[in-house]
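Record features, source Swiss-Prot:
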ACT_SITE  ASP185  active site, nucleophile
COMPBIAS  1212-1222  compositional bias 'Polar residues'
CARBOHYD  ASN492  N-linked glycosylation site
CARBOHYD  ASN496  N-linked glycosylation site
CARBOHYD  ASN547  N-linked glycosylation site
CARBOHYD  ASN551  N-linked glycosylation site
CARBOHYD  ASN566  N-linked glycosylation site
CARBOHYD  ASN613  N-linked glycosylation site
CARBOHYD  ASN665  N-linked glycosylation site
CARBOHYD  ASN768  N-linked glycosylation site
CARBOHYD  ASN785  N-linked glycosylation site
CARBOHYD  ASN952  N-linked glycosylation site
CARBOHYD  ASN981  N-linked glycosylation site
CARBOHYD  ASN1069  N-linked glycosylation site
TOPO_DOM  22-1170  topological domain 'Extracellular'
Amino acid sequence: MESSKFVKIIWVFGIWILVFTFLIIYNNYDYKSTFGINKFEKRSLKTINQINNKENGDDKKLSVFLIPHSHCDGGWLQDYDGYYYNIVQYILSGVVNELNLDKEKKFNWVEIGFFSRWWNDQNEIQKEIVRNLINNKQLSFISGGWVQNDEATATIDDVITQMTQGHQWLKDTLNYTVEYAWQIDPFGYSSSTPTIFSSMGIKGLVINRVSNDVKSYMKSVKEMEFIWKGSESLGEQSQMLVSTLNIHYDYPKHIDPKKDFSLNDRIKGFTKYLNDLSKTRESNILMIPLGDDFRYSNAKTEFSVSKEWVKALQDNKEYYNIKEIKYATLDEYFIALEDSFLRNNKFGKSRKQNVYTETFSDGDDEVSALSLYNKDFFPYSTGNLEYWTGYYTTRPLLKRLIRESSLLQKSSDILYTLAIGENSNNQIDINNLQTLSNQLNENRNTIALVQHHDIVTGTSRSFVLNDNFQRLQKSRISNYNIISNSLEYLLNKSNNKTNNNNNNNNKNNNNNNNNNNNNNNNLKNTNSISTTGSSSSSGSGSSNNNNNTVNKSEPFNFENAIDLSNESNNQYSLVFHNTLGWEVNQHVSFRIKVNKNDNQLLESIQLVEAISNKTIQIQIIPIQDDSNCQSIENNYIVFAIINLPPLGLNTYYLSIANSEDSKSNFTYLSKPKLLKKGNEINFNNNRFKVEFESNGLISKITDKNSNEIKTIEQTFHQYSTKKSGPYIFNVKGGKKHGFLENPDKFIYHDGPLVSQLTMLYGVDDYCNVTSIVVQRIYKNNNEINNSNSKSLITENYIETGYSINGDMNRETTINYKVKDLENDDIFYTDNGLESRKRIYNHDRSVNQNYYPVLGYIKLKETSENNNHQYTVYVDRSVGATSPSDGEMEIMIHRTMDTDDWKGVNWPSKDIGRSDAKLYFNMDLVNNQLQNEKRISLHITNQPIMFVKKHNNQTGYLLKYSPLSNQLPSNIHLQSLLTLKNNTVGLRLFNIHEVDSNTQSTTDTDKSTLFNELEISNFIETGLSFLKLTKNNLIDKFSTRINKKFPIKCGESEYSFINEKPSSIIFSNNGTNNIIDGENKGENNKTIETIQIKPHEIKSFTFNFNFQLDQIIPNNNNNNNKYAINKELNNEYIEQSIENQRYEYDFSFFPIKPTFYDDRGKYNRPNHLALILSLSIGIPAGILIIVIALVVTYKKRKNRKTLTSSNSSSNLIQQEDQTDYSP
């Protein structure tokens, strides 16, 4: 019996061993988690790993960097305030508490807008904890922008602004400088990103949303880490080390705290994930994101779950072939990655390598190299024809308002900065102006906020977009106020230090009086406004220094329409501000309102340039002609050609003459001419002759410079689809239809300055017109000196304005088709810094060939006999393509009642009206190399006009420029703004648009930058105005170009890397100290030469020289009659301006966004239920019908049979009753 039991035990034990072995081998059973690993097993594993490491090298062991983070959108499904109060404040408080309790824990934070708000809510104890966490390198800031910006629809100016706002706050508040970036949610990536970020001192970048097929390829060839070159012209200067996330920025599945896995399953799944991940990388340095959207709202729970499996892996690193695994900052990861690449010359440069070939040699040994990528990552696709190209255009009105508000912010920054500089010797004025600084910074924060990748893209819930629209309105009103007060402090001569220098500048002032139009030097010492509108010739530049009274009840205001009704005894000062660093001669337009049918008054309107007392030509066009539409009744457009000094101001008087015989020879009132067809007229100016089809759209253009005649087919179209959404443009199952093909009315206006053809569609009542198209060409009446020698910049394009509503389930385009143009499917789009090459792929549908456009799209002829370029400039971000040779297609509006289920979970129902303009140019390629960027900058930096009704005002400057001369033609003054402590920030951009008669190097040593503003501490900085740092590692990497990479276009159009940089010479007039980037300088006259490469943006900071010995003391007895009156301006503007503002001069309707309340859950159509219902319902219905027919048939047959039977019975009965008797 005992032997029998023993045998059974042996059998059971043997079977158990076999089963256990089977589980280990075939089911990957984790026996160590059941029994643990004893010392013998650990020694055995250690021995095995030592053998493996000896064979493969210790570098084969994995270094795992766990990156805790929370992706906090600045608006998406909730608005900014909602996210902060409901989630973000708890995330930050919880994370800080957890990090403070455990020094091993780390956290990475991106969105400084949220963090700064949270910081302001904390007490000093909590703030000190944060400082300690930063010092302990537990809390890290990555990217450091105010938000995480979009890369397709945000302009480079706005991207730089939002990054600068974050970087400046971090430096000022926490003395923190960001070194690595985390762009993990934008829907595709622009090549401008590595250029901009590297110029800010950022050394490495993490990206995520790369198209599925591209990312799969990158994994297969181990190119998830690569060097990204943003610009061919800048070379290594624009390069950055990039690491791509494996799948997404969320937790890997098995370690997600929200997933219900046991510890064993977590470890087993995660280690398998690590093994798979390592096969896609050249390095054994692995980065694992621990987070997702708005994670760590319960930081204690999230950290406790991860702490458990991290500890288990740390205790058994040898077994899992892990060198280290830990919570980490992004800085730690990149430092380890860089070290791994450079260690043992793995990716280091050798003496004999060629960095642009695929193979490198060092003697007989092959040296590996990192992939060098020189394109962008557009469009973004998630497969199944899901191309994220719709958001390039989604919410076109919002995109325009953001760009428009950004320009207003730029004007506000410039004028405030100059007002500070001009009043630097008056403490009272400085104190008054500085009360505006907080407003100014808050307005910048608003511009920064709307660059978020779900705001400027239009891909948030509608109520969220409405919240941002309201923020933009508020910032505009605030900027109106800042500009208004800055103008007072700039132009009121007794209010700045100009008068203190008058005696030293009489000679210059007299020269200016003798040559008003040609000399921009010393414009601050010009004449003052007088009550008669004439100019004083006083050498001191003041008509009456003892009577400098200012009517503060009438500030400089932004006006929608200047009301000239019953104002014959008054005149207006129109002050135009030029935000460009070049002198501007161009057409401008503004609205006026007069009494009904008062042609005599209209013909008596005069516009006089104040500085020269010279009446200039104007042309007046009515906005409506024959209706009773009250909203625009008696509204007119006034056109004029004005001259503006670089970065400066010029004043014009708008008045009505008193005399009955006051008809002005310089005022042309255009009478409307109703046409039956659009081809009854042509347009002509110095540059072009334009002919039209019968429907009023462009048909032919003649370039008078080259005598080239081209047939241009201009058309509107609409795609109909039910598969698109806020993000996705999907033409599958849809059709392309003609749109705006037959206008109901043609109205033609002509004159000396403008030819205009207006087409109206859907006209029942003029007020209810559905769509408007306005064709316009600008003409030069030779009022500007030297205008005969060169066309005005506004003459270089044909302008097409349109006003259309969003049609449901329609995506509207405008197309330009150049006949007989061979461009070999190649076209170019502007990314804000430079043009990028695109190739239309005919194997893909049109939506897969759309690309983002910030400034323009263009075609170039590739045939040998032609060298023409065709460019369409845009006024906002759009999507565009070239679907056939010679054709440019631009999407201008889209709306749908379906969602694409990419997270918004609500349809993008944008039925609102969008008023916009496009600008068509044709020219020689060489001419456009010089002009295209300048034209684009002029279009997006239109002069800003402010109005003052003046009566008994004296002592005002009439013309002003802070620059002694305009900047070289290829140097764009991108930014001038005041930072903290009155430090001034300056950015200069070499757009490489050089004069055809000059070389690429521009030398401006004959001038200084600023006219009389004395500056000190001139320092070159990074792009966000922090200390200039160079990435010393980037030029140590060996690189190669993978010609098999699946993205085949997106590279720079031109490379100017071998051309010399432009030279800008700064002088400090021999009075102050100018210090270069290395903090060298002398206290005497210093000349500073700045070299700016083509396509490079350089940044500087400096201080205005506050002359303390001349500062007026601030005391209570001083009567400050120039005190800022912010309340008045705000009240005026809020009530009469911003709420009833027109987008363009031709607009019939005020701006009216169509936002709606889409909070909560959207009831998604149940397509499966519909299919099942139809699948079951249709056969069932047919069956019921068949049954009914059969039953009916049988009933009828039975009834017929019964009737026949009854008839037979009756007949028999009758026969039986028949009398046969004779």
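Any Cβ shown, glycine's included, is placed from N, Cα and C.
Features as recorded by Swiss-Prot, highlighted on the structure.
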residue : record                      : Cβ within 10 Å
ASP185  : active site, nucleophile    : 20
ASN492  : N-linked glycosylation site : 22
ASN613  : N-linked glycosylation site : 17
ASN665  : N-linked glycosylation site : 7
ASN768  : N-linked glycosylation site : 9
ASN981  : N-linked glycosylation site : 7
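Cα spacing between ASN981 (N-linked glycosylation site) and ASN492 (N-linked glycosylation site): 25 Å, rounded to the nearest whole number. A gap of 56 Å separates the Cα atoms of ASN613 (N-linked glycosylation site) and the residue listed as 'active site, nucleophile'. Put simply, of the recorded positions ASP185, ASN665, ASN768, the one whose Cα is nearest the Cα of ASN492 (N-linked glycosylation site) is ASN665.
When the Cα atoms are compared, ASP185 (active site, nucleophile) and ASN768 (N-linked glycosylation site) turn out to be 42 Å apart. In three-state terms derived from DSSP, ASP185 (active site, nucleophile) belongs to neither a helical nor a strand segment and is classed as coil.
Note: the Cα of ASN665 (N-linked glycosylation site) and the Cα of ASN768 (N-linked glycosylation site) are spaced 37 Å from each other. For the topological domain 'Extracellular' (22-1170), the model gives a mean pLDDT of 84.
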